[in-house]
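**Q** Structure in structure tokens, see below.
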Amino acid sequence: MASNEEILAGLAEIVNEETGLAPESVEMDKSFTDDLDIDSISMMTIVVNAEEKFGVRIPDEEVKNLKTVGDAVTFISGAQA
Amino acid sequence: MPRKVVITGLGATTPIGGDVPTMWANSLKGVSGARTIEADWVQQYELPVTFAAQITVPASEVLSRVEAKRMDPSTQFAVVASREAWRDSGIEDIDKDRLAVAFATGIGGVWTLLDAWDTLREKGPRRVLPMTVPMLMPNGPAAAVSLDLGARAGAHTPVSACASGTEALHQGLELIRSGKADVVVCGGAEAAIHPMPIAAFASMHALSRRNDDPESASRPYDTNRDGFVMGEGAGAIVLEAEEHARARGARVYAELAGTSVTADAYHITAPDPEGLGATRALKAALFDARAQAEDVVHVNAHATSTPVGDKPEYTALKAALGSHLDQVAVSATKSQTGHLLGASGAVEAVMTVLALHERKMPITINLDNQDPEIPLDVVTAPRDLPSGDIVALSNSFGFGGHNAVIVLRSV
């Protein structure tokens, strides 16, 4: 079980690895597409890496609901519970 | 008269230098790029061949981390070499609808393909990354170069094993002559120093087994040659319609005067011992260039250092150039670089262009006892080319019976 802060930090690391964006720019209210300019193939890569890192399953139909970083943190946190 | 096509930019990342100036300086000195492979997998799989000619400057030192992560190593090498060639050409303003790419590979994204297969078997399908397909596809290098330069007149991928890099220049010439493009970034890239291709090439006894002395393993024309040395890297050449190059006052290295591609239709891997397909390619390329055998002063030979491969090329050169062959100086640069497979033709074309431009020839190393059945004039010590109008050839032959020849003319 990870705290929301730990999940955010882990996600920021994955996003940085995939896109080169500074980890501190990955904030809870940021939209993956509109703010972070992440395309669909990068988003799927981030999902695959997040599943591995946090030991959760993020179903394909759920991915489209993960609009912001906060949505992803909330989902991962819930899936770990 | 077809449009005249000239060479205005050169790029390379190779086992004897991470850029063109370094590679060229080393090729004139005569150095070996072959080394023992420092990777765990050599011992892990008990590979029968433990050395190769690996690139000297990792692509990660040239590309950003995020760029490199989205590219198979073969594509990384292609982008490194093509960026150097593009900068070297000095082209700033160009209609991107008139800019094409012809970038070859022999094997494609073998690291990506096999890594993904390992991931699938160990962790299941959900762990196979979404970038896997664009990274493993053989057109990956051409597509990445097109994307990087904004080239929109087509991105082509000739695939003809070890003739691929030379066939890319053939394709580039055709694109400009036919009026489909004014500038074409041509080249070849290969990154197959991976345990599986090494095992496979070793299985067919194509590789040298001089594990105790890698630097002397690649020895074209030597009586004790025992196979080729796997190399990796990329070469890139900017081809440009002559009128386009003149209009912008470009520095012109040489003219790509003619090319030819033929097929042996003889055997899937063995070269035709009489070199008939190679002879036809040589004659047709000279005809295409409106050149005579007597114009030729230098050949960068395919010469991989295999027992069966080196002689048919001599037979073909003899048939195509006749008694004039005695006046032709031959360089077998795979003695230094190893065999870059689908990239070899592109890297050797870069060297041949520079030979004409600088009037100096790269050296053939490790030729201690020349095979008496291959009485070529081999360049083993620094030697200059004559002044005046001269012509040089570069040959490439590939599994599948592919023969590709380019004819370069001094400017």
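Start at 1 and count along the chain as shown; that gives each residue its number.
Cβ atoms here come from the backbone N, Cα and C positions, even for glycine.
Remember, TrEMBL labels are computer predictions, not curated facts.
As the structure is a computational prediction, the values presented were derived from the model and not from experiment.
According to TrEMBL, the domain 'Ketosynthase family 3 (KS3)' annotation covers B:2-410. Summarising the annotation, TrEMBL assigns active site, for beta-ketoacyl synthase activity to B:Cys162.
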**Q** What three-state class does DSSP give B:Cys162 (active site, for beta-ketoacyl synthase activity)?
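**A** Its secondary structure by DSSP: strand.
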**Q** What is the pLDDT of the domain 'Ketosynthase family 3 (KS3)' (B:2-410) when averaged and given as a whole number?
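**A** Here the predicted model's pLDDT, averaged over the domain 'Ketosynthase family 3 (KS3)' (B:2-410), is 97.
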**Q** Near the Cβ of B:Cys162 (active site, for beta-ketoacyl synthase activity), how many other Cβ atoms are there if near means within 10 Å?
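**A** Summing over all protein chains shown, B:Cys162 (active site, for beta-ketoacyl synthase activity) has 28 other Cβ atoms within 10 Å.
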